[in-house]
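Record features (TrEMBL):
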- A:66-112: domain 'NADH-Ubiquinone oxidoreductase (complex I) chain 5 N-terminal' (DOMAIN)
- A:128-413: domain 'NADH:quinone oxidoreductase/Mrp antiporter transmembrane' (DOMAIN)
- A:614-678: domain 'MrpA C-terminal/MbhD' (DOMAIN)
- A:689-768: domain 'MrpA C-terminal/MbhE' (DOMAIN)
- A:33-59: transmembrane segment (TRANSMEM)
- A:79-99: transmembrane segment (TRANSMEM)
- A:133-151: transmembrane segment (TRANSMEM)
- A:366-388: transmembrane segment (TRANSMEM)
- A:408-430: transmembrane segment (TRANSMEM)
- A:506-524: transmembrane segment (TRANSMEM)
- A:574-596: transmembrane segment (TRANSMEM)
- A:602-622: transmembrane segment (TRANSMEM)
- A:629-650: transmembrane segment (TRANSMEM)
- A:656-675: transmembrane segment (TRANSMEM)
- A:696-715: transmembrane segment (TRANSMEM)
- A:753-771: transmembrane segment (TRANSMEM)
Amino acid sequence: MPTILILSLAIIFLTACLAPTLVRYLGDRAGWLLAFAPFSAFIMLVAQAGMIEAGEALVYQVDWFSVLDTSFSLRLDGLSLLMALLVTGIGGFIVIYAGGYMHGHPQLGRFYLYLLAFMGAMLGLVVSDDLILVFVFWELTSISSYLLIGFNHEQKETRWKALQALLVTGLGAMAMLVGFILIGTVTGSYSLAEITRMGDLLQGSPWFTAIVILILGGAFTKSAQVPFHFWLPNAMAGPTPVSAYLHSATMVKAGIYLMARLNPSFAGSGLWEYTLAIFGSLTLLLAMFLGLFQKDVKSILAYTTLGVLGVLTMLLGIGSEYAIKAMVVFLIGHALYKATLFMVVGSIDHETGTRDVTLLRGLRKLMPISALAGGLAALSMSGLPPFFGFIGKELIYKAGVKLNGAELIFLVVALVGNLIMMGLALKAGVGPFFGKPNHAVLPKKPHEAPLAMWLGPIVLSVAGLVIGIIPFWVTEFMVAPALAAIRGAEIAHLDLALWNLVRPNLPLLLSGVTVLGGFFVFLNRARFWAVADRVLTTIQPYGAEAMYGRIFNATIWFSKAQTRWLQTGRLHDYVFLIVMTTVGFLTWAIVSFGGLNFSVDWAAYDLLIICLVIIMIIAALVAVTGRSYITVLVALGVVGFGVALIFAYYGAPDLAITQLLVETLTVVLFMFVVLRLPPLKTISGRFTRLRDGIMATAFGGLITILLLKAVNIQFDHAISDQLAAMSYPEAKGKNVVNVILVDFRALDTMGEIVVVTVAALGIAALVKSGLKGKGKRS
Amino acid sequence: MNKLLIEFLSGYTATNQWAAILPEIMMGVLALCLLAAEMVLPKNRQAWVPRLAIWGQVLILMIAFGFVGRCSIGEFQYFSGLITQTDVTQIMRGFFLVSSIAVCYLGHIYLSKQTLPQTEFYALVLIISAGMMLLVQSTHFVMLFVALETVTVAFYVLVAYSRTSQFSLEAGLKYLILGALSSGILLFGIVLLYGIAGNPELLGASRDSLNYGELMNFVILNMNNMIVKIGALLVIAGVCFKIGAVPFQIWVPDVYQGAPTPVTAYLAVASKAAGFIVLIELVRGPFFGLQDFLVPVLSVIAAATILFGNIAAVAQRNVKRLMGLSGIAHAGYLLLGVIAVMRGVDWAVYAVIFYLVTYLLASFAVFGVMSIAAGEEDANQELDHYESFARKRPFLGGVLACGLGSLAGIPPLGGFIGKLFLFVAAFQAELYGLLIIAIVGVVISIYYYFGWIRECYFSSSSTAVVKDISCGATSSDRFLLGALTVASIVIGILPAALPIIR
Amino acid sequence: MTVGLNAFILVAGLLFAIGLLGVILRKNTLIIYMSLELMLNAVNLALVAFSRYNGTMDGNLFVFFIITVAAAEVALGLAIIVALFRLRQTVMVDQLTALSR
């Protein structure tokens with residue numbers, strides 16, 4: 001039933017819209033009701049598992065817009081189903097949890113609106129088949145993430161961090177969009193299902209490198225790979241349910257999802273595989289290193305999330321069957337235990353008022369259920385049997401030992417990463433509950449969190465244990481189809497039973513090393529902390545985050561400087577800029593033509609005209625330099641009348657008369673105004689005057705040259721004489737202009753009349769006296 | 001009189017079909033009716049004037065699209081080639097009508113807070129709308145000039161309309177002087193083209209050398225003539241002033257800030273749109289032969305425009321200037337579409353129009369909220385005034401957020417699809433460098449648009465003394481702003497709802 | 001005894017340049033405005049000259065439109081300048097910088 005897809009999306013989005021109203025009436029109990037939306041979507045999707053396992057895909061498609069050959073198409077296959085189940089399943093518990101965590105928050109309704117909108121967007125992202133649709137949902141997740149990170153917006157710091165996440169992911173998303181357009185152009189299709197079948201076409205295209213880089217730009221920023229990793233720990237400024245859900249279990253996996261989704265098209269190319277493997281392992285190492293010296297439990301978890309994202313990317317890059325298998329298992333396991341741990345940490349924070357690992361101790365008696373959930377999750381994260389995390393880690397080592405040559409480095413990276421991750425898991429998930437209680441130093445007196453806040457953790461952590469022991473259902477219905485989708489292969493039967501893995505072989509040995517090493521790290525955490533801290537303070541100023549800050553500040557500085565320099569508010573400068581640009585244009589054009597050559601025949605001019613012209617030019621010069629209004633006005637009048645005389649000389653008496661009348665009118669108008677104004681003062685400083693003078697002269701010279709150039713070609717006098725002969729001596733000829741004005745160019749004439757009307761109207765509005773009172777709004 | 005000339009003229013006058021410009025004429029008549037109504041109506045009934053203006057235009061809109069024809073009409077020339085009507089001009093008629101209706105409504109909000117003459121405002125808005133309709137239809141430089149001046153002269157008045165405000169008058173003066181300067185430059189370009197294309201010595205010289213079609217033939221035959229190129233360059237420079245492209249953008253922030261908010265909206269949306277359609281018609285028509293020459297020029301302008309607008313907006317705190325500067329950036333994106341048209345991607349014309357429509361919807365939503373939120377002096381609206389705005393006015397805050405989101409190109413709002421179309425067109429035209437610059441610009445724009453949204457939604461309400469910004473929205477405000485927002489969302493989800501592009 | 005087109009074009013160019021000089025040089029809005037008028041006159045002159053030598057009427061007609069439009073612009077510009085002067089008691093561009101940055 002393809003409508004299931006659109007139905008589950010609709011349920012979640014509609015519930016999102018209803019959330020504020022529900023919260024208004026039900027308070028924080030609304031969470032229980034709202035959780036029905038994700039859970040019902042979960043059940044509807046689970047019901048499709050059989051069909052997906054049989055190798056079919058659920059497709060829902062309606063036409064969208066045809067210019068780009070895109071359609072509104074949703075498609076549910078193995079990978080989508082896996083992601084969709086994580087989104088809705090974990091989402092449901094988060095919704096319930098948030099009701100307890102945000103208890104009494106005045107804007108809980110809005111919080112639920114954003115959270116459910118995010119859930120819908122994320123679900124949409126993983127089930128959409130159209131690239132443009134993917135982008136739409138992708139951006140929606142960014143926006144809702146922004147709103148959620150910044151939810152506690154009273155601190156300036158929080159708002160800054162929210163914006164940082166938005167800008168970094170936004171930059172990547174735009175790059176990704178270009179990548180999508182490129183893919184669409186190369187393959188002629190925007191459908192993911194079709195694109196994944198056209199790997200050869202893509203890899204053979206000259207755009208392939210650009211496509212990979214652009215797509216990875218989107219995926220790496222979203223999934224916080226090096227060098228874009230810094231936004232993720234900062235995003236932990238959001239409320240804990242948000243961190244648990246968006247920044248650990250779901251949204252940050254969007255980048256991984258996209259890479260996995262496109263893997264069938266790109267796999268096999270060295271560029272794709274090595275880039276992923278290298279960046280993934282760098283992310284893992286960096287995250288583990290930075291994680292070592294965190295004191296805040298939530299930060300520790302943030303860095304381990306970063307590490308896991310690195311592992312997943314690396315595994316995708318390695319790309320062997322085991323690696324992909326490991327990736328899928330790891331993905332599921334991580335979602336389960338990390339959501340749990342975040343929620344438990346949130347409960348601790350909620351109950352004790354602190355998240356500082358150095359203060360938290362011995363809470364197990366006071367918060368037994370949370371302690372159980374946290375402990376189980378931490379063990380799963382440590383990769384101990386019989387938890388699901390163990391299977392994931394075993395598979396990683398299995399994939400690793402198959403590597404050879406220089407690629408073995410990835411195995412070493414995985415080993416080191418897992419080892420530290422285990423140490424951190426114990427530090428965050430177990431540490432706060434054991435040891436001697438010191439409730440005196442805690443800001444609040446702790447007791448067990450309410451039902452809403454332990455239900456999710458306990459269910460998810462127990463699930464991690466149960467599916468570790470009996471993995472059959474999960475591997476058969478979720479892992480195998482997802483594996484097939486990522487590898488672009490047929491669905492095959494998997495055998496991931498726990499007892500098959502617990503055999504004495506190299507991977508198991510490596511697991512043992514991990515466990516021992518992990519305990520070592522856990523016990524020596526204080527010493528590691530000191531070393532890491534020292535290294536960090538030296539490299540921090542050169543890190544990616546510092547670069548981000550520098551670019552950010554530079555942009556703002558540049559913006560201010562540019563405005564200060566250009567937008568002075570002085571009209572004079574504006575005019576100067578425009579004239580200068582025009583001069584630049586002209587000079588460029590002329591220079592590119594290799595200069596000018598022309599000649600003027602100065603001889604044999606009518607003395608009268610020459611005198612007239614000389615007078616006009618002198619008058620014009622006077623006009624622009626005159627020291628009193630009257631002088632300037634008179635000079636201006638002289639020029640105007642001179643032009644009129646030339647018109648007359650040229651056989652255009654109508655024009656001459658019009659010009660005379662208008663000129664007179666203009667002078668009179670100016671006169672009226674001049675009488676009201678104070679006398680003229682000095683013009684401008686010597687330097688400015690010189691600069692401006694040169695500028696204007698250059699421009700004028702250029703224009704004159706151009707005009708001359710335009711007419712330098714010999715004209716055929718016969719035609720012009722013919723027209724003159726036609727319009728002059730004959731009586732009717734005088735009317736040619738009129739005839740043309742009212743018939744030939746009637747529309748222009750009407751327009752001209754409108755201009756005059758507009759001017760009249762405007763002047764009336766601007767100067768008419770006796771203002772009316774304010775208008776009233778109806 | 002010369003027999004030949006008579007035949008020539010009568011051939012021309014035969015195409016004087018006034019019915020073809022019925023909507024424009026009706027707009028003019030409506031403007032006159034308003035002036036008459038002001039005199040006839042008693043003092044306590046003056047409120048009918050804006051209603052008459054708005055509903056009259058709604059009627060004209062219905063007539064224009066009900067009787068004259070729908071969006072898909074052929075290409076017809078009227079008035080001896082002065083104007084040509086195509087599907088583009090028909091769509092733009094609707095565009096200008098919708099924007100002038102919105103401006104009249106915003107003007108109504110604005111004028112209710114001011115002690116200023118009322119009727120002239122609406123009359124001028126109507127005339128501008130008619131002028132812009134003719135402007136995009138004109139295929140003759142004389143017509144272009146006259147229509148352009150109608151619009152520009154009326155805008156001088158509207159920008160300076162608030163004669164009790166020094167900001168408004170200063171903006172009016174700046175617009176006046178710079179506008180006249182740019183008109184002079186434009187005219188000079190036209191004169192050059194006229195002189196060279198009418199030169200009987202040259203191949204393809206025409207007796208009607210100001211006509212687009214004739215000029216196009218001439219330019220194709222003389223594409224290496226320097227005067228032709230310079231004339232075209234100067235004309236383009238004049239048009240660039242109208243659309244606010246770098247370096248002719250310099251007037252934009254000051255004028256946008258000083259002008260009354262409805263006029264700012266009108267300038268930002270309709271005037272810019274008209275400029276772009278004129279530009280497209282120029283590059284497809286008379287300057288068709290100059291593509292190799294103009295594409296690099298316009299590419300440089302587009303790149304500079306995108307970067308300038310976005311970077312300058314980053315540090316801006318005055319929201320009217322912010323809208324102006326971001327509007328410059330939008331002009332840059334639109335130039336991408338124009339260049340794509342020049343490179344032979346024909347459907348890019350519709351991408352540009354689509355973008356303009358989404359820009360109209362989003363901008364009027366934002367300017368509408370600004371009009372309502374403004375105090376008596378609306379030039380000084382700072383970002384700080386919007387602190388916790390969404391909490392006090394949830395509806396207006398939502399409209400503002402959607403409008404700004406659409407301007408930033410966030411899916412699923414209309415602005416996103418608009419940008420997508422433009423970018424795809426630019427890609428097909430192989431404008432890779434420009435595309436990268438545009439993308440960088442879009443990312444920068446997220447910063448300032450979300451800076452504003454952040455101000456509305458995320459502000460430290462605990463410490464701030466909340467200034468109560470004027471009155472709230474009436475039910476008709478809600479209707480208009482709600483309709484604009486819904487339209488933005490619907491277009492974003494179903495672009496085919498707009499019968500421009502499929 | 002015909003005067004060559006070049007001469008007129010030269011004059012037109014000079015007038016245009018002088019107008020520009022005024023626009024750039026002067027600080028008084030009124031004078032700037034007058035200088036803009038000068039530039040339009042130059043354009044008109046060039047148009048008529050071209051019209052005559054090319055033997056087409058369009059240039060002649062165009063001048064009509066320019067003259068009229070320019071007159072309308074002048075009237076309007078003066079109205080704005082007067083209104084501004086009433087409010088600010090100045091017409092110097094350097095003092096009109098309320099709008100900046």
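Even glycines carry a Cβ here, placed using N, Cα and C.
TrEMBL does not curate its annotations; it predicts them automatically.
Looking only at the domain 'MrpA C-terminal/MbhE' (A:689-768), the predicted model's pLDDT averages out at 61.
Proximity of the transmembrane segment (A:629-650) to the transmembrane segment (A:656-675) is established through 3 or more Cβ-Cβ distances under 8 Å for residue pairs spaced 6 or more apart.
Here the listed stretches are A:133-151, A:366-388, A:408-430, A:574-596, and the one with the most C-beta pairs under 8 angstroms to the transmembrane segment (A:506-524) is A:408-430. Counting same-chain residues at least six beyond the ends of the transmembrane segment (A:133-151), those with a Cβ under 8 angstroms from any Cβ of the stretch are 64, 70, 72-74, 107, 111, 114-115, 117-118, 120-122, 124-125, 158-159, 161-163, 165-166, 169-170, 173, 176-177, 180, 192, 218, 222, 235, 237-239, 242, 246-247, 251, 254, 258. According to DSSP, the domain 'MrpA C-terminal/MbhD' (A:614-678) comprises 55 helix, 0 strand, 10 coil. Residue counts for the domain 'NADH-Ubiquinone oxidoreductase (complex I) chain 5 N-terminal' (A:66-112) by DSSP state, with H, G and I taken as helix and E and B as strand, are 29 helix, 7 strand, 11 coil.
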